[in-house]
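Data first, discussion second: the structure below is written as structure tokens.
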Amino acid sequence: MHMMTLGRQSSTGRQVQTLFRETYIGWTLRSLGVTHIFSYSDEECQGIPEKDYIPADSDQDSDSTKAENPFLVRFVPEYDLGNPRHWPLGVKIIVTAIINLVTVACYMGASLWSASTEGFKEALGISTTVANSGTSLYLFGLAIGGMLFSPICELPQVGKTHVYIPALTAYLLCLLPILLSDSIVVILVFRFITGFLASPTVSLGGASVADVWEARNLGPPMIIYDGATAFATFIGPVMGNWAAQLAPGESYRWPMWINFWFSAIALIACFFFLPETSPSTILHWRASRIRMKTGDDRYHTKGEVGVAKRTTGAWMERLFVKPITLNFKEPIVLVLNSYLALVYALLFAALESFRIVYVDIYGFTPGQEGLTFIAPFVGFVLSQAIYFAWYQKYQEPEFEQGTMKPERRLLPAFCAAFTIPIGLFWFGWSAQAKVHPAMPIIGGAFLGPSTLCLFAATLNYLPDAYPEVASTVLAGSNFTRCALAGIFPFFITPLYKAIGPGWASSIWALVGVIFMPAPFVIYRSGAWLRAKSPNATKDFV
């Protein structure tokens, strides 16, 4: 029996087609009947033997499976450019860069707001708590939206790009009431809505990056993706504070205008250059074309069969129950997600605590206070460079030799275990008028490598340890991080003003000390815990 397939593609023209035909502009043109520019090889050739097919999620297929599934549409091994992991290096880099661009735009929506709070307080006559709730509501939107969008994007009929672009378009439109309204109720309602609409990329961007890179090469791209988060969080206040200080008119709105225009650029880039990366969706499209061309509805994909078999009750369980049960019943997931949530919350605590230290104690202007966020960003970039060198020297050879185990991903977290409490103690107790401001700035710089080391370790380890439920685990991780970070702005300012930066920072430093053994314990016992789990992988794949 023969099946229609994607043939060999090696020319530059085919590689360009690989990028553009899966993008939103390519999909739009094809929907309008312009198929000759972005055609697929299965529309141009009659096929190759079915034995040349393998499933998207395995390296080989048994003869019995082939016999049982003669109409199963799968990827051709090694040379199928329909498979995102077979895309040319340039396409992979473009996809990773655009995902990072959108991630920066969406995370800036949270960090840039902090630069506007003082202006909104004065202009609208609101309290500090109400002003800070704009950050909290945005983060709550990220948390809830991530839980809802993740299972939707798993549907072969939907995919990721067809969620990213409509959500980002709506995100831009919903920024307008925040930019133009004088009602704090309207502004806060749309802060939650924009957070909700920003959540697909925030919660699934890492999954999109993982779609296009093999496991052995995934480490550096994921660190760059984590760097986009740090860039938005650390550099957002730098731009926002200077805009709020120097811009004419209602200058406190200018930080959010930065968010608007940055997001508009990201949307344009997505529309023209971001292809669909979900293998199950790409195969669904291929099967649909084959069914249409042959008139034979028996052609199908594994993803389509899985969705057809899933009941409404199963979907509800997947949507609301599975992320919670995984987060609380799996010791590895519970501990690491809690640790991540602490560090992520500290990032947003810094948006408030830095203002108290550098403006109230040292008398910095808003623009000068924003510059202090460069210190943790520099720390992040330096540790990122060290990570790249370490990964290439030590972990890549382990992949090549077949000795790599999931727990080896946790090694960078060993550094974070120490830098988190050290940085917090240093920042808090050096933040005194009699001490030069360079000292708390150095202490704050520790937040950069702490974020890099913990995020790099955990967000690479969890998908490796739980590959079958990776998106669910990451959605639960995103929910935990954003929910906890959303709570912090309500009490950080009162806490630091009531007991001072020294004691307030010491509280979080002591929490960091409690978590200090976590990466070491999981490194030693992770394999044993995975062996006991019905959800975890037993060996590295």
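Glycine is treated like the rest: Cβ placed from N, Cα and C.
Predicted automatically and left uncurated, TrEMBL annotations should be read as such.
As annotated by TrEMBL, transmembrane segment applies to 89-110, 130-149, 161-180, 222-244, 256-274, 332-351, 371-390, 410-429, 441-462, 469-491, 503-523.
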Between the transmembrane segment (89-110) and the transmembrane segment (256-274), do 3 or more CB pairs sit under 8 angstroms, pairs being 6 or more residues apart?
yes
Same-chain residue ranges lying at least 6 outside the transmembrane segment (332-351) that approach it to Cβ under 8 Å:
110-111, 114, 135, 139, 233, 237, 326, 373, 376, 416, 420, 424, 444, 447, 450-451, 454-455, 458-459, 461-462, 465-466, 473, 476-477, 480-485, 487-489, 492, 508, 511-512, 515, 518-519, 521-522, 526, 529-530, 533, 536
Selection from 89-110, 130-149, 441-462, 469-491, the stretch that has most Cβ pairs under 8 A to the transmembrane segment (222-244):
89-110
Same-chain Cβ contacts of the transmembrane segment (89-110) under 8 Å, 6 or more residues past its ends?
15, 18-19, 135, 138-139, 142, 164, 168, 171, 175, 194-195, 198-199, 201-202, 205, 208-209, 212-213, 221, 224-225, 227-229, 231-233, 236, 258-259, 262-263, 265-266, 269-270, 273-275, 277, 348
At an 8 Å Cβ cut-off, counting only pairs 6 or more apart in sequence, do the transmembrane segment (130-149) and the transmembrane segment (371-390) clear the bar of 3 or more pairs?
no
So which of 441-462, 469-491, 503-523 has the most C-beta pairs under 8 Å when paired with the transmembrane segment (371-390)?
441-462
Long-range Cβ neighbours of the transmembrane segment (469-491) (under 8 Å; 6 or more residues past either end):
129, 132-133, 135-140, 142-144, 146-147, 150-151, 153-154, 199, 202-204, 206-207, 210, 318, 322-324, 326-327, 333, 336-338, 340-342, 344-345, 347-349, 351-352, 458-459, 462-463, 535
